[in-house]
Structures are given as structure tokens and as C-alpha cells.
Amino acid sequence: MNTSIKNWPEQERPRERLLQQGPQSLSDSELLAIFLRSGSRQHSAVELARLLIQQFGSLNAVFDASYNELAQFNGIGATKYSQLLAVKELGRRYLDYHFSQTELSLHSSHLVLDYLRYELKGEKQEVFAVLCLDAELRKLHFKKLFFGSVQHCAVSVNQTLRYALQQHACQLVIAHNHPFGSPQPSPEDIKLTQQLEQACQLVEIRLLDHFIISPEGSFSFAEQQLLNPTSIAVQ
């Protein structure tokens, strides 16, 4: 039987907790419940949100689901589906504007990772990318340099370094994706990072980090102390 959120203790209601503690204090299902606003006769908004995430596997997958897939759930109709599409598009436009700024400052590893996830989203093959930064951690240029298969991408250290020098980079972040599976680095990934780090040191470019991004998460070489201590990691 549906227990209305209105009957919950105030400190447990998602909207009240969001206002008091901030959105980061809420789970994916609680945030989705605030968006849904109402559930169905059988389920509260939070219960419906949990069912949706369980069914589709993640919050992202809920937003990517078709109308026919979502309409199977009581409480989801054309109105809520159109709202989902609108919120998804608003998020995309926000990121497009934010990351297209010419003076984009990437002064923390969190911001760098967000930017790289944005640039590499949707790639179905391995892609190796380079982010060039100036001395103040402002973006100079970003480029996807090498493309491979689902499981492998051949990378040239010389071409990577040449590109960084052409952009007058003072600092560098490299990244590649694992389209499927774990973000854990392979022995080849570790060897490549070491080679690039050594090459960067020769031309006085600081390699700040190497990120691996996958559907299961991300891996930072700097955070795992797999870069030389003389390199300055993004704080």
C-alpha cells in the first residue's frame, strides 16, 4: 500500500532534506523522486524511483529509456516522460555551455574528471585524449588523438608530445576510456603512462594525471600514486 511522503517524518522527506542538507546528501532514487513529485496508488514517489532505477540499472539509464519502456510503470505517463526529456536536454545544454567557455579553469581533479567524462561520453571504442593546460590550469586545447577498438588503442608517445608542444602546454592531463568493464589499468596502460611522463619531463611539461573512464567508474594514476612524485597532481 502506498504510504504518502507527506506522512513521513519531516527529516526523512527528500525535498526537506535537500533544502536543509543539500542535493549531495540525497541518493539517486531520492533525487529522482523529487523530480517525479508523485508516485502511483501502489507506490510512493521514492518507491517508484527505486523501482525505475532497479529496472533500468542506473539513473542515466532511466533518462535514456523510451516512452514505451517507462509507460509500463504506473505513475509514468506522457507528462512525466516529457519532463524527463526536458530535464535531460537542460542538463546537456548546461554542460555544453559550461565546458565550451574559452577561459575554462580546471583547478581540481573533480572538475577535470567531469570535463573528461563529458568529452568521452558515448564512445563505443577506446579513445585516447589529451587535455592541454596553461600554468594556471586553464584549458588551452583538448583533442581525441587516437582511436582504437573496443579493447585496445595504439598510442604514439612522440605524436602526443608533439601535439602538446604545438599547443604551448605547460601541464598535461591524458585520458582514455574503457567502453566496457572496469577502469583498472592494464600493464600496457601503466607502461604508456611511465613513457609519457618521462617524455614530458624532458621538455619541462608536467604530466598531472592519467584518467581511465569506464561505465563502472574512473581511475586516477595520480590518486593511486602511479605518477612520479616530482609531477604535480591536480588538487
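Even glycines carry a Cβ here, placed using N, Cα and C.
Counting every protein chain shown, the number of other Cβ atoms lying within 10 Å of the Cβ of HIS178 (Zn(2+) binding site) is 23. Annotated Zn(2+) binding site per Swiss-Prot: HIS176, HIS178, ASP189, in sequence order.
Summarising the annotation, Swiss-Prot assigns compositional bias 'Basic and acidic residues' to 9-18.
As a summary of secondary structure, the domain 'MPN' (105-227) carries 38 helix, 38 strand, 47 coil according to DSSP. What Swiss-Prot lists as domain 'MPN' is 105-227.
What Swiss-Prot records for 1-20 is region 'Disordered'.
Sequence annotations record features per position, and here Swiss-Prot assigns motif 'JAMM motif' to 176-189. Within its own chain, the motif 'JAMM motif' (176-189) has Cβ neighbours under 8 Å at 120, 123-129, 150, 153, 155, 210, 212-219, 221, 226, counting only residues six or more beyond its boundaries.
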May I have the list of same-chain residues other than HIS176, HIS178, ASP189 whose Cβ is within 8 Å of the Cβ centroid of the recorded Zn(2+) site, in sequence order? GLU126, PHE128, CYS153, ASN177, PRO183, PRO185, SER186, ILE212, SER214
How many other Cβ atoms are found within 10 Å of the Cβ atom of HIS176 (Zn(2+) binding site), counting all protein chains shown? 27
